[in-house]
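In what follows, a single structure is set out as structure tokens and then discussed.
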């Protein structure tokens, strides 16, 4: 019997070698995590077939390592799986021989190299004045008053997928809770970026959706870096949590992070949006076309570029046809860990403005996540100067009438 099992295993390997490799993302060598991969299955695969494939991949991994030197050598094999509507896959650490066989397996759609994900913030300045709230609640620049409806995001839950959030910060008035951590064992914001973005989309003083609930989803470490696979885990947790708790259709997510174009990252972002969560994402800070970055180029998400207080597109903001709207992104003051405040700049700061307005409109107008970005674009004002190629001039506006 063992002979036939061995023969079957060898037959699978031979079949795999007859199929072209489906490794992608190799052209983006920047920030690649060595020997780490994300495997995406074909959309037609059943749950039973997915389980069988995982067992096969793990067996091939163990066999190849055993033939090499008998040690793992940091190559742990299959680590985590993810499942969205029409999208299944897993991530892991494999040697080149194993991942080549996996990529040729008939059940596999493609394999993408795992890469380092970074924040989209660029500068820090302590305790500077903010201007973003006044700007997004008036059709013209110049006012420091924030005009908004008292519903203020009530009944909406916002997932901050970031460096974590200081959930005890007074800005959140008991509305913030810890969700999950896919990057380390420190369930706190050791960087500050996640607390800052959350303060913008839902803080009591510096925020837009002041009555929304906030959930911290930590996918980036103290240095502001993580992995594509770790971010996918975090997004998976959000969609599962929203489903279990009846929050689909009443939830938003902020993604102030990104990498060079990733097919799997875009597909996961699209799946999360389609599951009933409004996604606001940062365009990036490379001063180039945002279509080259993920999740900025994902379909259906609301991609935010950045302006300064004079309504000019910043020199560092990415741009292009994937940008849905501009938002305040230069010198934005917001919450910071340990009851502090700080001022940051970047499309990381524009995105939570869009996320906050999205949550605000969901509560105020009762619109679904799939309609929010269109509504944001409908309300936005044509006021952005220093226009970039093939890019909207629309600036975020909450429709207050001011």
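Backbone N, Cα and C define each Cβ position, glycine as well.
Annotation comment: Swiss-Prot describes 1-20 as signal peptide, evidence class sequence analysis.
According to DSSP, the secondary structure content of the domain 'Inhibitor I9' (36-119) in residues is 31 helix, 33 strand, 20 coil. What Swiss-Prot records for 36-119 is domain 'Inhibitor I9'.
The feature domain 'Peptidase S8' is assigned by Swiss-Prot to 130-402.
The C-beta environment of residue 162 (active site, charge relay system), restricted to residues of the same chain at least 6 apart in sequence and closer than 8 Å, consists of 119, 189, 193, 194, 197, 198, 216, 217, 218, 219, 220, 254, 256, 257. If you look up Swiss-Prot, you'll see 162 (among others) marked as active site, charge relay system, on the strength of sequence analysis.
Residue environment of residue 193 (active site, charge relay system) contains 29 other Cβ atoms, counted within 10 Å of its Cβ in all protein chains. Positions annotated as active site, charge relay system by Swiss-Prot, on the basis of sequence analysis: 193 (among others).
Annotated N-linked glycosylation site per Swiss-Prot: 254 (among others), in sequence order, evidence recorded as sequence analysis. Every protein chain shown contributes to the tally, and the Cβ of residue 254 (N-linked glycosylation site) ends up with 33 other Cβ atoms within 10 Å.
The DSSP secondary structure for residue 348 (active site, charge relay system) is helix. The active site, charge relay system annotation in Swiss-Prot covers 348 (among others).
Under the heading N-linked glycosylation site, Swiss-Prot lists 390 (among others). Around residue 390 (N-linked glycosylation site), the C-beta neighbours below 8 angstroms that are at least 6 residues distant in the chain are 319, 320, 321.
For residue 398 (N-linked glycosylation site), applying a Cβ distance below 8 Å and a minimum sequence separation of six or more within one chain yields 136, 137, 147, 148, 208, 357, 360, 361, 379. The N-linked glycosylation site annotation in Swiss-Prot covers 398 (among others), and the record cites sequence analysis as its basis.
Every protein chain considered, the tally of other Cβ atoms within 10 Å of the Cβ of residue 348 (active site, charge relay system) stands at 32.
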